[in-house]
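Trainee: The following feature annotations were taken from TrEMBL:
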DOMAIN    84-536  domain 'Major facilitator superfamily (MFS) profile'
TRANSMEM  39-58  transmembrane segment
TRANSMEM  79-97  transmembrane segment
TRANSMEM  135-158  transmembrane segment
TRANSMEM  170-193  transmembrane segment
TRANSMEM  199-218  transmembrane segment
TRANSMEM  230-249  transmembrane segment
TRANSMEM  261-278  transmembrane segment
TRANSMEM  382-403  transmembrane segment
TRANSMEM  410-429  transmembrane segment
TRANSMEM  449-471  transmembrane segment
TRANSMEM  483-506  transmembrane segment
TRANSMEM  512-532  transmembrane segment
Amino acid sequence: MRQPGAQQDVLNHFSLLSISPSQRRWPSILSPSTFLPPFHFTVSTTLAIHSLPIYAFSMEKFKPTSYTSRYPRWMVGKPLLIASSALASLGDAMFGYSQGSIAANQVQPSFINRMFGKHITMDQIQNGDTGVDPFVLAITVSCLNITALFAALLSAYICDALGRRMSVRIGAIFYLVASFFQIFAPNLAVLIVGRSIQGIGVGMLSMTVPILQCEIAPGHARGLFVSIEYLCLNAGYALSAWVGYGFFFAMPSEIAWRGPYIVQAALAFILLSWTFFLPETPRWLIKNGFQKEGLAVLADLHGTGDISDQVIQSSYLEILTAIEYEEALGQASWMQLLKSYPRRSVVGITCQLFAQFNGINAILYYLPENFTRAGFTVAQALLYSGAAALLYCAGTIPTMLGIDKWGRRPFLLFGSAALAASLAVIGGLQFHSSDLPPWERMPTANGIFAAICIYLFIYGATWGPAPWLLGAEIFPLRARAKGMAMSTITNWISNFIIAFITPPLFSAIDGGYYFVLLGFCTISGIFVYLVYPETAFVTLEQLGSVFGDTNESLAISAATTPRQSIDVRAQAEKMGAAGEKEVGRSEMIEEVAMPPSLADDGQTLHDVPLNGNDMV
């Protein structure tokens, strides 16, 4: 039997005494409790995080102080894990849809007449283009990236303070509002406002979703889960391409370009509704004082709901110990992030930089227009864009099957070499095509289509999913939101640069632009070979050793050696067949995390074996 003060000593040692919350409720617009009577839902708020220095307000007063799960019990286990992953993946599908919808509308005659009627140059039309002024087109496409950049920065604080699920919910609200601006846009100015608001939603989703996926995924399948997320991003682009092709036949009605935005609004509404029914990530819950709830969600996601399961307890203890160590270090500031984790920061920044400068959005944002420039009709360009997008989706399948088995580096190295080769073919054919009259371009146009399909397949398998996986997994929990935000901000800065410079450069140097992108592919391969470590085969909490964070690795390793945890059920069985004590889910909690009110001095202890391959 333990001494009466033993539990208090343990709790004091681990700084896990219960929190005294102030009660403040969420605004009703963010809670469905008023219009979903069969369910109970309560979220309260209190002070919690560091203030945001760039903004003149603090988000501390909005931090939740209570948590209630609302998913039905029959979803426990794989159904809940799949549903949670699907929620995150839908957020990325909307990201992909936003890319494809503007790409398809660029060649819709009714869209061009409504939005760009004052910005068409006849010399461009004579060269086989749509005739839209390249700088006006660049602003229209890239305005989303600017607001997404700032939204990703702000999301680092929202994600930490309010949780991953709430960050997704807020992003979905912005996305939904933006969709209505675009559906009813009477002119280019309103369309740009709508795309700018949409950028806030997309920026929040692009920062939060990979973190959510990584934190709910089993340790041995992190790459699979983030690859599924990227598959859904590609599927969103493919959906927008086929929706654009289908609505093209509504010409000359403006529903031909407004229709895709209606579908976009429907996706946002589904995502927003879904966020009310799925759990927060266990790591965020445990980090923010909800140890009991975090353990329960961990068991529900990765087991049968039995929190006494030793694998669940071991995983919980490893997460808790890593959080304990990181909290002792304090909340990571932006400068501390760069100083304390320089190699991780370099990987997080450069993986997204190269992901963009390897050329993907130079192709995706302007795919139908590139096909019309090559010699296809508008209908053919939209059809072939849909076909190419399907291959873009298919490219993710090899990653899903192999990135956890073979690692991240092989995919990135192969991708750099193969993308460079395909860009060389596209650029050479584009140079050749520009010297031909329109009626002789079809053979070359078919070659460009084939080379772009190969490029998209390879990118979807390599430089597409891997950077999002790396950005989400490489940073420790105390710095994960800021680290992912830094990586995502790099993506959006690079994304903006590519989106903005592509139309003028295509107009100026034509196929030569592909050779510029080829150079970046070559540089990216060299950089990965020299700098990037392999991050597969370990849990999130064990990545410190991979990046050479010696002190952190030793501390967590020492803290997560076999330790004692409470097993109430074992003690209850010893107390007799009559069952002198009723055992519930809330009692099966690790000793180091149990609030004093939940303790029972009559409980026994047992050792929990730790196995890195079993961690979640």
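Glycine is treated like the rest: Cβ placed from N, Cα and C.
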Trainee: Please compute the mean pLDDT of the model over the domain 'Major facilitator superfamily (MFS) profile' (84-536).
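Mentor: On average, pLDDT over the domain 'Major facilitator superfamily (MFS) profile' (84-536) sits at 88.
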Trainee: If you count Cβ pairs under 8 Å, which stretch among 79-97, 135-158, 261-278 touches the transmembrane segment (170-193) the most?
Mentor: 261-278
Trainee: Apart from its near flanks, which chain residues at least 6 from the ends of the transmembrane segment (512-532) lie with a Cβ under 8 angstroms of it?
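Mentor: Sequence-remote neighbours of the transmembrane segment (512-532) are 343, 346-347, 350-351, 354, 357-359, 362, 408-409, 412-413, 416-417, 419-420, 423-424, 426-427, 430-431, 463, 470, 502, 505-506.
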Trainee: The transmembrane segment (79-97) and the transmembrane segment (230-249): do they have three or more Cβ pairs under 8 Å, with pairs 6 or more apart in sequence?
Mentor: yes
Trainee: Most CB pairs under 8 Å with the transmembrane segment (79-97): which of 135-158, 261-278, 382-403, 410-429, 483-506?
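Mentor: Selected stretch: 261-278, with the most Cβ pairs under 8 Å.
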Trainee: State the non-local partners of the transmembrane segment (261-278) in its own chain: residues 6+ outside its ends, Cβ under 8 Å from one of its Cβ atoms.
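Mentor: Residues packing against the transmembrane segment (261-278) from afar: 31-32, 36, 41, 70-71, 80, 83-84, 87, 90-91, 93-94, 97-98, 101, 165-166, 168-169, 172-173, 175-176, 179-180, 182-183, 201, 236, 239-240, 243.
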Trainee: Other than its close neighbours in sequence, what residues sit by the transmembrane segment (382-403), given a CB gap under 8 Å and a spacing of at least six beyond its ends?
Mentor: 100, 103-104, 107, 223-224, 227-228, 230-231, 234-235, 237-238, 241-242, 244-245, 248, 367-368, 371, 376, 411, 449, 452-453, 456-462, 464-466, 469, 536
